[in-house]
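Remarks on the structure that follows.
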Amino acid sequence: MAITPEKEKALAAAMAQIDRKFGKGSIMKMGEVGGRLAIEAIPTGSIALDIALGIGGVPRGRVIEIFGPESSGKTTLAQHIIAEAQKMGGVGAFIDAEHAFDPVYAARCGVNISDLLVSQPDTGEQALEICEMLVRSNAVDVIVIDSVAALVPRAEIEGDMGDSMPGMQARLMSQALRKLSGAISKSRAVVIFINQLRMKIGVMFGSPETTTGGQALKFYASVRLDIRRIETLKQGQEAIGSRVRVKVIKNKVAPPFRQAEFDILANEGISREGNIIDIGTELGIIRKSGAWFYLGEDRLGQGRENVREFLKNNPALTDEIERLIKAQALTNPSAIAPSADIGDDDGVFEE
């Protein structure tokens, strides 16, 4: 049923009054938004994870949480997202609350260190205020806070060792996210919170794992990624990296509960070529016969490691295979990104 002329006139007057009071664009019809309906994304550096996320990466203008055990690849993944944003002409910032940033490893992950903004704040309040100022500048594309557990309230730092201050960090995070959420959406910045796991005492049923910082981040995050190391990669007796599995625990922009697996190598971060071989083989773009890999009728090499080195030395061919994978996989992500089994063993409960 069409809107009557009287209602249309009253609605137009109300919208005009809202625009005058709160600024142009405060309210609008979705049909007039046009091209802005599509969700923009920044790639993660792993094509498997881009597919699992459903939109080709992490969404702009949203809060992202990456959590997992120690040495599982949380910071590596965040640094690859910064590197991808820089390749697109964007600006990245790294708020190092843990005071453990390694510029050499970040460069190996593809981050342009000379253009990266780095801050090592003294308190949690300072870290979140710096984040807010960067967001409101509308000039930064990716902001990484490493980590939520290291955002220590000022009162705790100034107090004595052993002082009990329950809930203070949770209140800090809740207040900060209330202030930040609207500004993040308007700025189109991706704000990534890296979080750690803790164990809950006395849990008899379900997972005893919990993330730090209270409940607020769980609600404000549009995407929550659970990253775990599932295998140690070795060359002979020497460990050269890890194979990790990422589960999309929450996703507001595409179907959740998908998962992705990829290699993280000590000397380069996420192995782009290894990821392309795995996904290309699953989709049938790369054909495997015995130990040999083929692209069409062209032989790529014998053994996965040899093919990985071949693709690394032939970036144009790698780009072409990646283009074919994205064209095929992003139209049907569920065909390549299986759903994760989210049960008691995998669920993470927040404090």
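Any Cβ shown, glycine's included, is placed from N, Cα and C.
Per Swiss-Prot, the features are:
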BINDING   Gly68, Pro69, Glu70, Ser71, Ser72, Gly73, Lys74, Thr75  ATP binding site
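Annotated features taken from Swiss-Prot, shown on the structure.
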{"residue": "Gly68", "record": "ATP binding site", "Cβ neighbours (10 Å)": "25"}
{"residue": "Pro69", "record": "ATP binding site", "Cβ neighbours (10 Å)": "14"}
{"residue": "Glu70", "record": "ATP binding site", "Cβ neighbours (10 Å)": "8"}
{"residue": "Ser71", "record": "ATP binding site", "Cβ neighbours (10 Å)": "11"}
{"residue": "Ser72", "record": "ATP binding site", "Cβ neighbours (10 Å)": "22"}
{"residue": "Gly73", "record": "ATP binding site", "Cβ neighbours (10 Å)": "26"}
{"residue": "Lys74", "record": "ATP binding site", "Cβ neighbours (10 Å)": "26"}
{"residue": "Thr75", "record": "ATP binding site", "Cβ neighbours (10 Å)": "24"}
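Excluding Gly68, Pro69, Glu70, Ser71, Ser72, Gly73, Lys74, Thr75, which define the ATP site, the same chain contributes Ile227, Arg229 within 8 Å (Cβ to the Cβ centroid), listed in sequence order. In the three-state DSSP reading, Ser71 (ATP binding site) counts as coil.
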